[in-house]
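Taking it in order: structure first as structure tokens, then the write-up.
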Amino acid sequence: MASRFIQNSFHQQESQRPSRALSEHQRSKSEKGGQKVHHKSHASHHYNPLVIPCDWVLAENHAKARRVARELEVENQSTCPCCGYSIERTDLEYDCDPLEMKFLGSGFPLFYMFIKYCIFILVEFWLLKGMFCLATDLMGDYCYNQEKIKIQQKEHHSIHDHLNQQHHHHKHKEDNSICGGSLWHFVSLANVYDREDIRNLQSNLSLVVVFANMVSFLFFRKAQRSIDIEVDESQLTPSDYTICVKNIPKLNEDYREVLKNIFQNYAADGRELFVTKIVLVYNLDEVIELEEALKEMIRDKQEYLLENGMNFTDFKVKQLDEKLESLEQKIHQKEHELFINREKFAGIAFISFLTEEMKQLVLQHNPHTSWERVKAFFNNGMTGDVKEKGLIFEGHKLYVEEAPEPNDVDWEFIHIQTGQKVKARVIAWSISISFMAGCFFLIWFLSELAERMNEQVEEQEKKGIKDSLTQTIAFLTSQSISWTVVFFNKFVIGKVYHLIVDLEKISNKTKFNISFARKQSVALFINTALISLVIDFYLTGNVIGKGGFIYNESNVFLLNAFIPPIVWFVDPWSIQKDYQRQKQQKNVKNCVLTQQEANEIMEMPDYSQAKRYGDIMKTMWFTFFYGDIIPLGILFSIMGLTLYYFVDKYNVLRRRTIKESLSKHLSIEMIEMLELIIIFTGIGNTVVSSILFGEVKWQDFIIIIIGVVYILLPMEDISSVLFPLEQKDEVQSYYEAEEYFNTDYDRENPVTRREILHEIAKKK
């Protein structure tokens, strides 16, 4: 398809607007499910989010409107003046099918299907190999017979000498390869240290597991696509009719009219289309700066009221109110200026069409590649090759994409230029690497301390001294390593990486969650698996000895399986929120919260799906990396993920606020990351075998090659070819579907949001 050059003129005739005259019967019925936007305000439409004192009834109604529950299909129901969501809702049953949560977007049904398939893959691992490994490890006698251990140490002195040469500064390194004698050692690979025949059988089974995983992944992808299609066909959302257009050049004319002309007449090889709505993206830096000043002024007012009594007639309070009102007006004025000022347009627009078929035609006729965007970035957005396919306007190729859902867009960052984002992400990665280095040195310190304490205990035992205090300290020091790892994983890494990803200024919440899940998964895996490997294998040389690698990682398996779901069930975040809420409500007379702050404190804590994906991914990677050497860990992980599934579902339905409508792209990215378990299986086995036994199995080498090839193949496309699924376009027009939207792009855009919510509040 040749490129279409579009002149900046309006001589072409615009299509006539289709009639919106629908009967009441047509408007009250839909062939598909959906949530109507009801237009009756619970309170006066003169809603002021900054008013002090707050109205707790309004705040409670806001919390009801934002809870995870399905809207009641009743006429003239009330809406929250703050967010526009319906207040009357009905809770889902705890044991409901995750597909019933489709009103939250496809992200949640896909997420719970993801956990189920992870449990299935772990059960597959356990049945095909884990049980055999555990049984054969228990049949071994290396850790039972100390005389046999000494004989094997002499026969295998070469590997021990190698470790001694690297770590000659440690005492008793030769003893570190003696089985530690704990329960964990008896059910691990350490107990068949001298049985090469058993280890060969276990390696053969690794190949069986890998091939089973590959088949499972194909069906997994099919199931996820099927769920996404089912959710999409059952829910009417603005993104069904909308595209996102980027790289729009600066103009001196009305952008809406220009874009309407382009996409009605040129976007599909001359086919006549109809544009229903255009929402522009603006540079919000000035508005954000004014809002920060507004927050600071509100804090000054709150502090003054607390220090001088709740006297709202005080002269200074009135002065502050006047300043706040003036600053609010300035923000409103600035938003209006952005709406009419062409200079503040960010070159991005959301364009909705009359039908989904029209949208799909535009997407099909206007492809682009990442390479095209890279070239344009280095050429100030200009297109160098005039033969490129797609819409080329004023020398700029218009990049047409599937639009995210309106509440998936991060309006604060979507206008940020690519160069700024690159710099921000370099800084974020630098901080991430520094943080992981800190984790490494902390665990190294604890490992060294545990090593020295164990040596001290051994020295005392040789001399016939039994010091219970020293033994207790040595035991607690060894335990502290696994507890520190799990504590950091649960309470520190997630918070740190959320702040790090915030620095990246990502344009939508799905992409934010993908970046967050990636970084957190890698950080958790490094902290859980790789740091201990480097320290115990290369620095202390204590692999199967007392308090060494086997002991520490077995503890991590146990704690990692049960601590996260237990903490998630106890839910200290909800407890903290409840305490804050009760504290404010008990002190109503002296409460200085604004209405917006009261609304937020009445909400349940926010839910982060990326954190959950990170927890699950870390468990999967860790299990397949060390599942061969510690087979009991597979069973722990199965139990842990099963508990996690039920606790997470309960928390979402009863104790969380969902503010994100995540798309299928997060789930697809997580499947891509999950498929890395094939490579991790081969690498984990190779590392352990080469260091512990001085050998590399050919089976593990083949597994690594298979894993690399599998990751490089376009598995999503292959799955689509093997299991084709038909997706139907929406049959209703945009105007028919509009009343079922629970939000829209102009309602989420900060520049137009205030006016739209004001209109909704006035409608009956």
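In case you wondered, yes, glycine gets a Cβ from its N, Cα and C as well.
TrEMBL does not curate its annotations; it predicts them automatically.
Residues annotated as region 'Disordered' in TrEMBL: 1-44.
The compositional bias 'Polar residues' feature in TrEMBL is assigned to 1-18.
As annotated by TrEMBL, compositional bias 'Basic and acidic residues' applies to 22-34.
As annotated by TrEMBL, compositional bias 'Basic residues' applies to 35-44.
The transmembrane segment annotation in TrEMBL covers 110-128 (among others).
Annotation comment: TrEMBL describes 201-220 (among others) as transmembrane segment.
Feature annotation from TrEMBL assigns domain 'CSC1/OSCA1-like cytosolic' to 240-412.
Summed and averaged per residue, pLDDT over the coiled coil (287-337) gives 87. As annotated by TrEMBL, coiled coil applies to 287-337.
Taken from TrEMBL, the feature transmembrane segment covers 426-446 (among others).
Feature annotation from TrEMBL assigns transmembrane segment to 481-501 (among others).
Positions annotated as transmembrane segment by TrEMBL: 522-544 (among others).
According to TrEMBL, the feature transmembrane segment maps to 621-647 (among others).
The feature transmembrane segment is assigned by TrEMBL to 673-694 (among others).
Summarising the annotation, TrEMBL assigns transmembrane segment to 701-723 (among others). A Cβ distance under 8 Å defines the sequence-distant neighbours of the transmembrane segment (701-723), meaning residues of its chain 6+ beyond its ends; these are 206-207, 210, 214, 217-219, 221-222, 225, 668, 672, 675-676, 678-683, 685-686.
Panel annotation: around the transmembrane segment (673-694), residues 118, 121, 156, 158-159, 162, 189, 193, 196, 199, 203, 206, 209-210, 213-214, 217, 517-518, 521, 533, 537, 543-544, 617, 620-621, 624-629, 700-704, 706-708, 710-711, 715 of the same chain, lying at least six beyond its termini, place a Cβ under 8 Å from a Cβ of the stretch. If you look at the transmembrane segment (110-128), the same-chain residues 6 or more away from its ends with a CB under 8 A from one of its CBs are 98, 101, 205, 208-209, 212-213, 216, 220, 223-224, 227-228, 609, 612-613, 616, 619-620, 623-624, 627, 634-635, 637-638, 641-642, 644-645, 648-649, 664, 666-667, 670-671, 674, 677. The transmembrane segment (621-647) shares the most Cβ pairs under 8 Å with 522-544, out of the stretches 201-220, 426-446, 522-544.
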